[in-house]
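A quick write-up on the structure given underneath.
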Amino acid sequence: MDKYLIKMPVKLNSIEVTEKKISAKEERVKQTNAAKKQIATNNNKRKNQDTPEMIKDKENAESENPPKRRSSRVTRSMRSMAEDGPASPEKEIPKKLPFIKYSGAIKYFTESQEIAASADEVMQWVEKQINMDVVPMAFDMEWPFSFQTGPGKSSVIQICVDERCCYVYQLSKLNKIPAALAALINHPKVRLHGVNIKADFRKLERDFPEMSAEPLIEKCVDLGVWCNQVCETGGRWSLERLANFIAKKAMDKSKKVRMSKWHVIPLDENQLMYAAIDVYIGQVIYREIEQRETVKLKNEAEFKEQNGDAAFKLVKGLGENFLSKINEVTI
């Protein structure tokens with residue numbers, strides 16, 4: 001008889017129905033999240049597999065066909081970008097550049113008498129340069145820094161007058177700057193240059209009061225300011241970015257070395273190389289900007305002679321790099 005019985009569906013109570021609905025909903029949420037996670041994983045895999053050329057093609061495609069909702073109206077920020085034109089070179093992300101390799105001599109001194117003798121030797125070399133009105137000399141300083149106590153006393157002065165040799169003077173044992181080094185730095189024929197060099201002179205004066213900052217500030221050259229004048233760029237420069245833009249070289253500005261104990265004697269090989277490269281590349285940058293300035297002044301003089309002052313002012317008023325545009329303009 002049992003096999004002929006028909007089993008009627010059992011009516012579930014409301015609590016059981018609710019629990020089943022909740023379980024079904026949670027299951028759907030889990031499936032949805034799992035699907036999203038899988039899609040994200042696949043996208044990341046594809047992104048990581050993209051070659052630089054593929055990434056560049058995607059960026060070009062996006063720039064050529066921007067989303068409509070972005071291009072439907074011009075915002076204030078977009079107007080300012082259009083008015084300002086392309087980004088300044090100092091703000092552009094540099095391409096992969098070769099690192100600076102310095103193979104010249106590094107002359108390192110820690111004793112007052114040794115520093116004085118070396119500075120006197122450099123000064124004699126400067127005075128022998130009879131064909132030069134000024135002798136450019138890259139100048140930089142290093143000191144220890146602590147987040148608890150702040151900057152320490154000036155510990156290292158490094159200079160470079162010839163790219164084949166850099167001088168590193170450690171001041172840790174000194175209570176006073178040797179007279180010969182002070183005379184070299186203040187020599188009327190020496191043109192000190194660097195990045196943010198005025199701040200270095202002010203710190204040097206604070207740490208060694210016998211060194212007056214103002215005379216040095218009056219005759220020094222800030223490479224960033226000079227670059228803006230010659231290359232018609234804008235903004236503030238770091239030495240690293242100037243090396244990228246002017247010398248087309250990358251610098252290894254290791255934080256470990258930069259924040260190291262510059263007051264401890266002796267300096268290690270990494271510290272010596274770091275100090276030497278800073279002034280070496282500074283000297284390279286100076287000579288390159290000097291060469292560009294010579295070419296620029298020559299081009300401007302020729303343009304004025306051919307087209308007159310009015311045309312020259314018109315071209316300068318375009319707000320574009322004169323060196324790159326001068327041959328394209330027809331008056």
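Note that Cβ sites are derived from N, Cα and C of the backbone, with glycine treated the same way.
Given the structure is predicted, the values throughout are model-derived calculations rather than measurements.
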Annotated companion of Asp140, Glu142 at the Mg(2+) 1 site, Swiss-Prot, chosen from Asp268, Asp278: Asp278
Shell list (Mg(2+) 1; ref centroid = CB of Asp140, Glu142, Asp278; cutoff 8 A): Met141, Val156, Gln158, Tyr274, Ala275, Val279
PLDDT averaged over the residues of the domain '3'-5' exonuclease' (118-290): 97
Distance, Asp278 (Mg(2+) 1 binding site) to Asp140 (Mg(2+) 2 binding site) (CA atoms, angstrom): 7
Chain-internal residues, separated by at least six, CB under 8 A from Asp278 (Mg(2+) 1 binding site): Ala138, Asp140, Gln158, Leu239
